[in-house]
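These notes are about the structure you will find just below.
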Amino acid sequence: MRALWIVAVLLVAVEGHLLQFNKMIKFETRKNAIPFYAFYGCYCGWGGRGRPKDATDRCCFVHDCCYGKLANCNTKWDIYPYSLKSGYITCGKGSWCEEQICECDRVAAECLRRSLSTYKYGYMFYPDSRCKGPSEQC
């Protein structure tokens with residue numbers, strides 16, 4: 001179910017924030033969010049539960065926590081200013097929400113890069129049904 005929802009949202013939001021986050025991920029990891037991260041582990045993609053499976057999944061868990069602190073922002077749809085230059089992601093000036101969302105995405109993309117050496121292809125299309133147990137606190 002999570003996979004179908006993500007694909008539907010990405011098709012609708014071709015010019016939206018999710019495309020920006022994908023560009024950051026690709027810039028840092030050289031991998032497209034779909035298929036490499038959109039369905040990875042228990043937290044990469046829409047929603048999440050249980051314990052993160054590894055360092056990559058933990059990046060997504062922390063990203064979810066970051067978004068959780070922005071309850072009054074439209075984290076899935078706000079478009080924010082940013083640039084990709086000289087090996088760095090730089091968030092630009094925008095509304096408070098845009099700047100915070102950009103920072104959440106920047107930090108997550110950089111975390112995914114740092115976790116590349118432990119990426120496990122076995123978690124790439126991990127079924128939600130295997131994500132059990134209590135979720136960690138942010």
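Backbone N, Cα and C atoms are what each Cβ position is placed from, and that goes for glycine too.
Note that the structure is a prediction, hence the values are computed from the model and not measured.
Of the residues Asp64, Asp78, Swiss-Prot places Asp64 in the same Ca(2+) site as Tyr43, Gly45, Gly47. Candidates considered were Cys102, Cys104; the recorded disulfide partner of Cys91 in Swiss-Prot is Cys102. Checking Cys59, Cys60, Cys65 against Swiss-Prot, the residue bonded to Cys111 by a disulphide is Cys59. Between Cys138 (disulfide bond) and His63 (active site), the C-alpha separation comes to 10 Å. Across the structure, Cys44 (disulfide bond) and His63 (active site) place their CA atoms 9 angstrom apart. Note on proximity: of the recorded positions Gly45, Cys97, Cys104, Cys111, the one nearest His63 (active site) is Cys104, by Cα distance.
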